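Trainee: Dropping the structure in here first, questions after.
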């Protein structure tokens with residue numbers, strides 16, 4: 001069996017998605033600190049942090065969905081089902097997508113409620129934890145896949 005380099009598109013895009021998640025988390029944390037008055041930033045700088053966080057977060061949401069779909073297609077196209085047997089990779093990927101969609105919906109739809117920010121932060125913390133699991137399981141799968 002010859003190795004098809006297209007099978008690495010999903011892992012590489014997954015690492016890019018993790019980098020985008022870290023960027024969104026950084027801007028979100030900086031915005032939260034600025035909003036709570038812990039950073040010394042003025043109102044416009046705080047507003048700009050929020051805008052950047054929102055744009056990067058929406059980008060992460062879109063890329064997460066794309067990476068999950070790409071993984072699904074890659075698994076079917078290269079018949080990698082036997083490789084994924086016993087691996088949490090597919091389910092964790094789906095959980096990441098669902099949690100990111102839920103987190104974005106909560107903060108965009110219920111921003112003015114007292115609980116939305118806490119739920120958004122909690123869900124995103126879970127996403128970062130699951131992305132760590134995803135990265136580790138993905139590296140194990142790539143290790144099995146490489147010639």
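Including glycine, each Cβ sits where the backbone N, Cα and C put it.
TrEMBL feature annotations, pasted as is:
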TRANSMEM  12-31  transmembrane segment
TRANSMEM  52-71  transmembrane segment
TRANSMEM  91-110  transmembrane segment
TRANSMEM  122-142  transmembrane segment
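Are these features on the surface or tucked inside, and what touches them?
Mentor: Nonlocal intrachain contacts for the transmembrane segment (12-31), taken as residues 6+ away from its ends with a CB within less than 8 angstroms of a stretch CB, comprise 39, 46, 49-50, 52-53, 56-57, 59-60, 63-64, 66-67, 70-71, 121, 124, 127-128, 131, 134-135, 138.
Sequence-distant contacts of the transmembrane segment (52-71) (same chain, at least 6 residues past either end, Cβ-Cβ under 8 Å): 9-10, 13-14, 16-17, 20-21, 23-24, 27-28, 30-31, 89-90, 93-94, 96-97, 100-101, 104.
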